[in-house]
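Have a look at the structure below, then the notes.
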Amino acid sequence: MEAVLQTRGLLSLPPHPTRVRSLLNPSQGLKHRRFASKPLGLNGLSLSYKRVPSVVAKPNGLSPKEKSFICKAEAAAAADGQPLFGETPTPKFLGIELVTLKKIIPLGLMFFCILFNYTILRDTKDVLVVTAKGSSAEIIPFLKTWVNLPMAVGFMLLYTKLANVLSKKALFYTVILPFIAFFGAFGFLLYPLSNHIHPEALADKLLAVLGPRFLGPLAIMRIWSFCLFYVMAELWGSVVISVLFWGFANQITTVEEAKRFYPLFGLGANIALIFSGRTVKYFSNLRQNLGPGVDGWAISLKGMMSIVVLMGLAICFLYWWVNKFVPLPTRSKKKKEKPKMGTMESLKFLVSSKYIRDLATLVVAYGISINLVEVTWKSKLKAQFPSPNEYSSFMGDFSTATGIATFTMMLLSQFIFNKYGWGVAAGITPTVLLMSGVGFFSLILFGDPLGPTLAKFGMTPLLAAVYVGALQNIFSKSAKYSLFDPCKEMAYIPLDEDTKVKGKAAIDVVCNPLGKSGGALIQQFMILTFGSLANSTPYLGGILLVIVLAWLAAAKSLDTQFTELRREEELEKEMERAAVKIPVMSESGNGSLASGSAETSE
């Protein structure tokens, strides 16, 4: 009588189990074979045996012996990406599973729309606050410290509270829809009324009393609606990109898919940078075709905000489609469930985690480093392009160049991840930022002696500083989008859901503006101590070096922890997927296997 061993499909074994044992490993006992490496058996199956007490009911009138054995079949092919026995091979297109494509393509389109909007908003916010009457680039450090940071902290507290009471879908719509409504209202309502709602007369009186040292703080009051737009645009980058999009992407993708496709998300995103840069350039040049007395910037702003609203609605539609038609991946079931925590408990838990602290260090270090260079560059930029339309037109070209550079880096990023791993990829961005920052500060320090040489190329030291600063920002941002962001988001995937949701809210919403505010505080201190940014440039260079070294150390520590967590998750998923319990086979008197239905415990 021949018995059948079922492992999702049907596999026939010889009628004598002793022969099976001798075929697998004739010279070793069962105990040794259980803990030794499992030999491959029939058709890629690795078989191991363990004796357990006989609990098989008497089948077909045959008396079971006192001993029986259980087979545990593990699909070795699963480790190689092959389907298990009995599984239907999933359909593929261009070597990619269709289920994966249903996730990756909408996510790429979402990222395209989000980055398209962010580029328009980022360029527009700088034009509004830097070129406004009674304001300058010196307003930016005060904005980031005293307005942007408190609002980011308030949002994080609100988001943490909402995450405990709302579903993920409701939370997504609750957060993104107010952004879309505000930007539409600003273009068509707040900006046209800005001359009536800004307290310019009061700001002028206070400036006359307090002196020019308070130009920055008073400018926040003078152009409060522009500052509100600035903060909302900053929060779009922190909230919609980092928390909503990447949180959703981490929810529906596996680590294997992330390693393969996260760097490629940026390809679509940086095509968005190129097109949005051209869009900003187009609307900024509308002034040339308008008659005298027409506010060309108001017309440009209405056009750009209309596009932002349409893209925002497209993001909502793509999110709805993915939730409706794409299945969620199977996560390891051995993750322990964490109880719901209040706001303070969540913060204490996050601070106590070394993993989260290292992630926070990466984000804060980037914010400080880029801010130390960026504000100085924008002050030079306003001096070169004082008109809002000229400033915005240059920023459109800058965004296009950033998109092209980042697109190229994206093509290289997958090779970097595959060849050198997470740790090397995470260290490239701080290295690029340090080297390019040193070049920019050097030109600021030694620009005047280089004046005659630069004149031969038709450039002034100011214009050269603008171009070198632009190159520094382009290289730094391309490295961030192509390597730093994918590295940071991959680091969240092995975490449990509670840590993942609240950790992202704390890091991306608070630590991101905290880094920028930290850089702004450093600049304010340097200006008060040394009189100007130019006088403090050598010290800013030294601070940049210290920050980048701390950044590299945190990346190295996080690499070790990420690798360990990843190994543990892979082991758990392998055990859950591959270890398939088989019905107990009892040894009968005539040497054949009689199957029975039984519950066994290990």
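The backbone N, Cα and C atoms fix where each Cβ goes, and this holds for glycine too.
Residues annotated as transmembrane segment in TrEMBL: 104-121, 141-159, 171-191, 227-249, 261-280, 301-322, 359-377, 398-417, 423-445, 457-475, 539-558.
Where the transmembrane segment (359-377) meets the stretches 104-121, 171-191, 261-280, 398-417, 457-475, the count of C-beta pairs under 8 angstroms peaks at 457-475.
Stretch with the most C-beta contacts under 8 angstroms to the transmembrane segment (301-322), considering only 171-191, 227-249, 261-280, 539-558: 171-191. When each of 104-121, 141-159, 398-417 is scored by its Cβ pairs under 8 Å to the transmembrane segment (423-445), the top-ranked stretch turns out to be 398-417. Where the transmembrane segment (261-280) meets the stretches 104-121, 141-159, 227-249, 398-417, the count of C-beta pairs under 8 angstroms peaks at 398-417. Take the transmembrane segment (457-475) and the stretches 104-121, 227-249, 398-417: counting Cβ pairs under 8 Å, 398-417 has the most. When Cβ-Cβ distances below 8 Å are used as the criterion, the transmembrane segment (398-417) is approached by residues 119, 122-123, 259-260, 263-264, 266-267, 269-278, 280-281, 424-425, 428, 470, 473-475, 477-479, 481-483, 486 of the same chain, each at least six residues removed from its ends.
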